[in-house]
Amino acid sequence: MASISPTSSSVAALRGHPVQFVKGGAVSKEAKGSISFSPVANSNNANVKFTGLRVAASLKRDGAFPGDGYSGNDNTVLPKSTSVRGQDYPTADSVLPTESIIVPEISNAGLKCVADMFSDEDKDTEQDLDSPTEGFSSISEAIKDIQQGKLVIVVDDESRENEGDLIMAASLVTPEAMAFVVRYGTGIVCVSMKEEDLERLNLPLMVATKENEEKLCTAFTVTVDAKEGTTTGVSAKDRAKTVMTLASPDSKPEDFNRPGHIFPLKYREGGVLKRAGHTEASVDLAMLAGLPPAAVLCEIVDEDGSMARLPKLRVFAERENLKIVSIADLIRYRRKRDRLVERSSVARLPLRWGNVRAYCYRSVIDGIEHIAMVKGEIGDGQGVLVRVHSECLTGDIFGSARCDCGDQLAMAMEMIEKAGRGVLVYLRGHEGRGIGLGHKLRAYNLQDDGRDTVEANEDLGLPVDSREYGIGAQILRDLGVRSMKLMTNNPAKYGGLKGYGLSIVGRVPLVTPITSENRRYLETKRTKMGHVYGLANGQASHQTGSNGAKGEH
């Protein structure tokens, strides 16, 4: 028995609880065993007992446990332990990260979690959902400019047009602003409007939705000019008049000539949360500014007449003193403020792990139903054991060996049951890190041909991880959770749950069995997607690939 000083939060968190230690690298049978910590009365120290473990030189050399009390030598083989269940831990031919891994063993006595699980960079990720993407203005700044009748530049994603539009509130347009739009834009001036206003003005779609062959299915209506106060309809003054007439709640169908020089667009209800386009972004910004739901938008062109891309847009914005914002930031801004789910039903549900209360939540955005399994009483909502699990049909239902999803789900439910209090939120629509079941199976074929899980998605032209956790955060808030011990290996999930009035007070790692089928997958998640598998030397065992991708299947 050796005495150590639990100055590290990792040791303090594990005091009095058995843990499993696995030496990094090629794991040998001799490396498996257990380490028990127990507090010393009237002392800040704890005793540590090694059982069934061949002590490695790196234990002492690397200082895996703080303090100088450890005295074992490099070749010591401590007594075998019968309490270790081999099927719960990596096998002899497994390959793990080079860092040491500490895995808490859960008992009915309670649950402790690792505190220093992610780097400061990971902890800061998306904590403030109002913080703009680097190089962009904040959405709140753009809203203020919209309120003042100013133009802003809105940029969409590279997977769409990757272009910038000049946008302003239609109700505040002036001939001078319109002249600026015509000068630096394509000349095709659009006004995005809600469906009820288009119906009120009898402005039908140019083509039926199912016949729309435009690349992004932009919903153009018939074009118009205002009858009163215009001449040809093409001048900046005439176009401003038409826009003002469209934005007026008092306008009538007979106030317009058809066709004309202004292109009304149909806004999709739900805005950027439903469709991440400029049409939806412009109306969302107008409404967030407290103005009528109509906005002017026009694509910005470069000096040679080509579409201006982001580098040129930044130069243009600085020269003209315009704010530039991204639709991605607007989506995050709205996700923080809009109610995304509604509780639809609740029932007692007996599971193989024990009885829980099952809560069904329906997304108000897409109608997808999600479920939360609640064990015990949430009470004050502090320190609740939580798992936010992404749907994986192949792993969760059919036990696919390609991933560790089913194992993580079962382990999380077992931990919650033993702790006697906790929540598992099961998010549907997250299949294959958001790419869907069909694409996931296509990615599997590419993995069989030699790609890893990241490369396969990229070869299919799909994002490495497109999941959002705002719905999960809102479900937790509705259930009364305020602070949580999060069961995850994924830094992106840590960041994705911050910013919704929730705090994360610790992490519980989920280290599942490694097999010949999922070994490369798990290693790719570590090296390219930033996953953390336990704690070493008081620091997170964490690497982020050069592409910065982060995710958990």
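Yeah, the Cβs are placed from backbone N, Cα and C, and that goes for glycine too.
Per Swiss-Prot, transit peptide is recorded for 1-56.
Confidence across the region 'DHBP synthase' (62-336), taken as the mean pLDDT and rounded to a whole number, stands at 78. If you look up Swiss-Prot, you'll see 62-336 marked as region 'DHBP synthase'.
Residues annotated as region 'Disordered' in Swiss-Prot: 70-90.
Look at Swiss-Prot and you will find H261 (among others) tagged as site 'Essential for DHBP synthase activity'. According to DSSP, H261 (site 'Essential for DHBP synthase activity') is assigned to a strand segment.
All protein chains included, E299 (site 'Essential for DHBP synthase activity') registers 19 other Cβ atoms within 10 Å of its own Cβ. Residues or ranges marked as site 'Essential for DHBP synthase activity' by Swiss-Prot on the basis of similarity to another entry: E299 (among others).
What Swiss-Prot lists as region 'GTP cyclohydrolase II' is 337-553, and the listing cites similarity to another entry.
The active site, proton acceptor annotation in Swiss-Prot covers D465 and is backed by sequence analysis.
Over all protein chains present, the Cβ of R467 (active site, nucleophile) has 24 other Cβ atoms lying within 10 Å. The active site, nucleophile annotation in Swiss-Prot covers R467.
Least crowded of the recorded positions (H261, D465), judged by neighbouring Cβ atoms within 10 Å of its own Cβ: H261.
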